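**Q** Got a structure for you, questions after.
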Amino acid sequence: DGECGDKDEPCCGRPDGAKVCNDPWVCILTSSRCENP
């Protein structure tokens, strides 16, 4: 959606507090950005 979850975008926050990204990216907790796995 161009807002979160894709590469170099912020991690998406779920209602339960988890930070997630779209496949295949992973959330880097130290920067809260989505990067390569």
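Glycine is treated like the rest: Cβ placed from N, Cα and C.
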**Q** Please work out, from what Swiss-Prot records, which of Cys12, Cys21 forms the disulfide with Cys4.
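**A** Checking Swiss-Prot: disulfide partner of Cys4 resolves to Cys12.
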**Q** To which of the disulfide-bonded residues Cys21, Cys34 does the lowest count of other Cβ atoms within 10 Å belong?
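**A** Lowest Cβ count within 10 Å among the disulfide-bonded residues (Cys21, Cys34) is Cys21.
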**Q** For the C-alpha pair, I'd like the distance in angstrom between Cys11 (disulfide bond) and Cys21 (disulfide bond), rounded off.
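**A** Computed Cα spacing between Cys11 (disulfide bond) and Cys21 (disulfide bond) is 5 Å.
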